[in-house]
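So the structure is just underneath, and the comments pick up after that.
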């Protein structure tokens, strides 16, 4: 009997040994990690006109991180500590990690909560016996200047031109027409005006209802389970149109491709300049993750949940080359899903990864962002500016000539009279 049990357990033991050995090997070869995550649970971005609750239910106001969101981000930090405990120093080392956030309260607070879970102070870093937390820097830039993490950028007219083209596509029109009656009905309930395209108000309504339901707040009678489900479907389709359906590579070059390019450049700096940096953390939004995954061609079509995290790991192989593995943590009950770049199995050689990403990386973002109309306007404006400057210079030159002549007359003529 014992012999039979041993025989039955042998395959499982070897399997576990193989998994453990493989994991240890990958950990030993790990060189650099990038973690891009969405902020935690928040209050609604806005309310709809007929919302019976309005802003009064949210203690810190609309758009703000909730206590549940803080807990979610803290748990994300603890997950990252468990996963990279043998890679990162056990104590905070400013040379090993760099954290950047978009300039929003909820993302800045999410970054801080995650760092609290990743780097609980110990030893000499305990600065107060009653506070098991330490301040760690989180960097940001003004939202109006953030092209790395906040998409789409308002100063990219070509992107909005692409979206106007997208909504003219038959696939888009067919979907919108199928929801026409539904959207008219919801518009009446919410106080919005029904439109022929999927307006942002549809997402606002869904977002408000989702947040209220998540916090056990009663929904209006018209917001049945079927209504909320359809609103979710419409919102997901609307999101999909921003990264798929019509000129996807060009859309990516103007949005998520910017972040892909930055990640590759940062890794190149780490390798070529022998930088001690081991991890980059980006605290951002669902739109950031969608744009990134859209550029990578791994977007699953689902809305990224709170605290979802896209991880990119860079490894050094035995032959000196590097490879890339990607993981997506969109739930907490299981380990992250491994993602494979289309056309390259995981782990993907870095050279192949870079080549596959080339079509979504812009060589001149400002130029690519200029629509035909805005480019012509800019050229016309430049020509007008040159003409105006030429006229001003001409007038100024003529004025100076007249003034000099007058001065010459004033000081030169008396001398002539004296000589005479």
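Glycine residues also receive a Cβ, built from the backbone N, Cα and C atoms like all the rest.
Per Swiss-Prot, the feature signal peptide maps to 1-24.
Annotated topological domain 'Extracellular' per Swiss-Prot: 25-385, in sequence order, evidence recorded as sequence analysis.
If you look up Swiss-Prot, you'll see 29 (among others) marked as N-linked glycosylation site, on the strength of sequence analysis. According to DSSP, residue 29 (N-linked glycosylation site) is assigned to a helical segment. Cβ-based neighbour count (10 Å, all protein chains) for residue 29 (N-linked glycosylation site) stands at 16.
Within 10 Å of the C-beta of residue 39 (active site, nucleophile) we count 29 further C-beta atoms, all protein chains included. DSSP assigns residue 39 (active site, nucleophile) to coil, not to a helix or a strand. Per Swiss-Prot, active site, nucleophile is recorded for 39, and the stated evidence type is similarity to another entry.
Contacts of residue 122 (N-linked glycosylation site) defined by a Cβ separation under 8 A and a same-chain sequence distance of 6+ are given as 90, 91, in order along the sequence. Per Swiss-Prot, N-linked glycosylation site is recorded for 122 (among others).
The disulfide bond annotation in Swiss-Prot covers 156-369 (among others). Long-range Cβ neighbours of residue 156 (disulfide bond) (same chain, at least 6 residues apart, Cβ-Cβ under 8 Å): 254, 365, 369. Residue 156 (disulfide bond) falls within neither a helix nor a strand when secondary structure is assigned with DSSP, and so counts as coil.
Annotated N-linked glycosylation site per Swiss-Prot: 188 (among others), in sequence order. The C-beta environment of residue 188 (N-linked glycosylation site), restricted to residues of the same chain at least 6 apart in sequence and closer than 8 Å, consists of 194. Following the DSSP three-state reduction, the secondary structure of residue 188 (N-linked glycosylation site) is helix.
The disulfide bond annotation in Swiss-Prot covers 211-309 (among others), and the record cites similarity to another entry as its basis. DSSP classifies residue 211 (disulfide bond) as helix under the three-state reduction.
Taken from Swiss-Prot, the feature N-linked glycosylation site covers 216 (among others), and the record attributes it to sequence analysis. In the three-state DSSP scheme, residue 216 (N-linked glycosylation site) falls into the coil class. Cβ neighbour count for residue 216 (N-linked glycosylation site) (all protein chains, 10 Å cutoff from its Cβ): 6.
Residues or ranges marked as N-linked glycosylation site in Swiss-Prot (evidence: sequence analysis): 266 (among others). The Cβ of residue 266 (N-linked glycosylation site) has 32, 34, 277, 280 as same-chain neighbours under 8 Å, each 6 or more residues away in sequence.
Under DSSP, residue 272 (N-linked glycosylation site) is assigned to a helix (H, G or I) in the three-state scheme. Remark: residue 272 (N-linked glycosylation site) has no non-local neighbours by Cβ distance under 8 Å and separation of at least 6 in sequence. What Swiss-Prot records for 272 (among others) is N-linked glycosylation site, and it gives sequence analysis as the kind of evidence.
Non-local contacts of residue 286 (active site, proton donor) by the CB criterion (under 8 A, 6+ apart in sequence, same chain) comprise 38, 303, 304, 308. The active site, proton donor feature in Swiss-Prot is assigned to 286; the stated evidence is similarity to another entry.
Annotation source Swiss-Prot lists N-linked glycosylation site at 330 (among others). Sequence-distant contacts of residue 330 (N-linked glycosylation site), defined as residues of its own chain at least six apart whose C-beta falls under 8 angstroms from its C-beta, comprise 302, 304, 305, 308, 309, 336, 337.
Annotated disulfide bond per Swiss-Prot: 344-348 (among others), in sequence order, evidence recorded as similarity to another entry. Classification of residue 344 (disulfide bond) by DSSP places it in coil, neither helical nor stranded.
Within 10 Å of the C-beta of residue 352 (N-linked glycosylation site) there are 15 other C-beta atoms, taking all protein chains into account. In the three-state DSSP classification, residue 352 (N-linked glycosylation site) falls within a helix. Annotated N-linked glycosylation site per Swiss-Prot: 352 (among others), in sequence order, evidence recorded as sequence analysis.
The N-linked glycosylation site annotation in Swiss-Prot covers 383 (among others), and the record cites sequence analysis as its basis.
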Round to the nearest Å and give the CA-to-CA distance linking residue 29 (N-linked glycosylation site) with residue 211 (disulfide bond). 42
Just name the winner among 348, 369 (the disulfide-bonded residues) by count of other CB atoms within 10 A of its CB. 369
Residues with Cβ closer than 8 Å to the Cβ of residue 344 (disulfide bond), same chain and 6+ apart in sequence? 352, 353, 356
Close in space but at least six residues away in sequence, with Cβ under 8 Å from that of residue 211 (disulfide bond), the same-chain residues are 42, 43, 44
